[in-house]
Amino acid sequence: MELFYLIVFGGLAVVVATMELSKNNKDRITTSSAFNSFKNNYLLVYSLMMAGDWLQGPYVYYLYTTYGFDKGEIGQLFIAGFGSSMLFGTIVGSLADKHGRKRASVTYCITYILSCITKHSPQYRILMVGRILGGIATSLLFSAFESWLVAEHNKRGFEQQWLSITFSKAIFLGNGLVAIVAGLFGNLLVGSLAMGPVAPFDAASIFLAIGMAIILASWTENYGDPSESKDLMTQFRGAAVAIASDEKIALLGAIQSLFEGSMYTFVFLWTPALSPNGEDIPHGFIFSIFMLSSMMGSSLASRLLARASIKVESYLQIVFVISSASLLLPVITSFLVAPSKQRGGSITFAGCIQLLGFCVFEACVGLFWPSIMKMRSQYIPEEARSTIMNFFRIPLNIFVCIVLYNVSILS
């Protein structure tokens, strides 16, 4: 493996370890043993859920290319996933509020396992079904689990500020450490063990099944508004009225949709950006580098969230500016560095610069997640939490679908 990747990975690892080990009392919040037990159970489940998601991430695009699909066809498959999340996401979010967040979490596991199974087929229609199932699962992942956590946290009478600990730890572990291990494990399965690009999807199914067993055994059910008189349309109208009547909820939805829109576009485009001429890049290892960057951001977020004097609304403005600047690097390097015409080979100098910029963006993603979770817990009403959170995903999915629909004509 090229020395450049190892240097970047090692440097980030040292920074993250230093940040974690140097935390003092001001960076920590004193909690109870009952809360710690509750938090650890949630973190275990969340980490397993994210392991099932992250194992797939680096290999979706690659798997489709091995089946012989071009960038336009792959874009259509991705559109199916985001379109599915947009069409069905709000419905499953409302069902989670009405029929239970635990049931919705179990449904996520089953749906995503079925999506993984479809990856064994090279047939376009079956892969399309898998993407639709994956879109539904994604909606549940980013609404049902957080909704269950917030409701259960409040039901058990824990202090509100303690939520920020669970949020930051969940991102540090589930979106950081677990993602790194998943990336390396996926690299081992596909590269060293030569088990093929479908192997990570099979491994993801196993982790999802284990997580589902823990949910069934240890979680209690909670609801938003389980009233029998409220059908889906009534829930939708209630969520829409809440968004329209409270400017802060509407702005929170816009902030989330815009940032996540750039993030999901980045997920699709980082592979062709770093290897525009088919350069040989270690997808799993690069993915681990990105997740290590995300860990650095979430570690910083935990410090900021522990200080009551620092407002999330203030420092997120800086995060958005830095994120925007980091994603300008591919544009800048295309003007300053002459593009290579040679096919294959190792990553180019321009690719190295872009990789460093992408690491900065991923650090901002690590800062964003626990911060936006904290804001959602403050501003979104409990009775329609999952429904409103999935409402936020509608403009996000429209934005990403428009980008992916036109991806074949974009450089």
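Cβ from N, Cα, C; glycine included.
Taken verbatim from TrEMBL:
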type     : residues : note
TRANSMEM : 6-22     : transmembrane segment
TRANSMEM : 43-62    : transmembrane segment
TRANSMEM : 74-96    : transmembrane segment
TRANSMEM : 129-150  : transmembrane segment
TRANSMEM : 170-189  : transmembrane segment
TRANSMEM : 201-219  : transmembrane segment
TRANSMEM : 285-306  : transmembrane segment
TRANSMEM : 318-338  : transmembrane segment
TRANSMEM : 344-369  : transmembrane segment
TRANSMEM : 390-410  : transmembrane segment
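Listed as Cβ neighbours of the transmembrane segment (285-306) (distance under 8 Å, sequence separation of 6 or more from its ends, same chain) are residues 1, 5, 8-9, 12-13, 15-16, 19-20, 23, 26-29, 54, 57-58, 164-165, 167-169, 171-172, 175-177, 179-180, 183-184, 186-187, 270, 274, 312, 315, 355, 358-371, 374.
Relative to the transmembrane segment (43-62), the listed stretch 170-189 leads the set 6-22, 129-150, 170-189, 201-219 in CB pairs under 8 A. For the transmembrane segment (201-219), same-chain residues at least 6 beyond its ends with a Cβ under 8 Å from one of its own Cβ atoms are 41, 44-45, 48-49, 51-53, 55-56, 59, 63, 102, 105-106, 109-110, 112-113, 116-117, 119-120, 148, 185-186, 189. Non-local neighbours of the transmembrane segment (170-189) in the same chain are 42-43, 46-47, 49-51, 54-55, 57-59, 195, 199-200, 203, 282-288, 291-292, 294-295, 298-299, 301-302, 365-366, 369-370, 373; each lies 6+ residues outside the stretch with a CB under 8 Å from one of its CB atoms. Under 8 Å from some Cβ of the transmembrane segment (6-22) lie the Cβ atoms of residues 285, 288-289, 292-293, 295-296, 299-300, 303, 355-356, 359, all in the same chain and six or more residues away from its ends.
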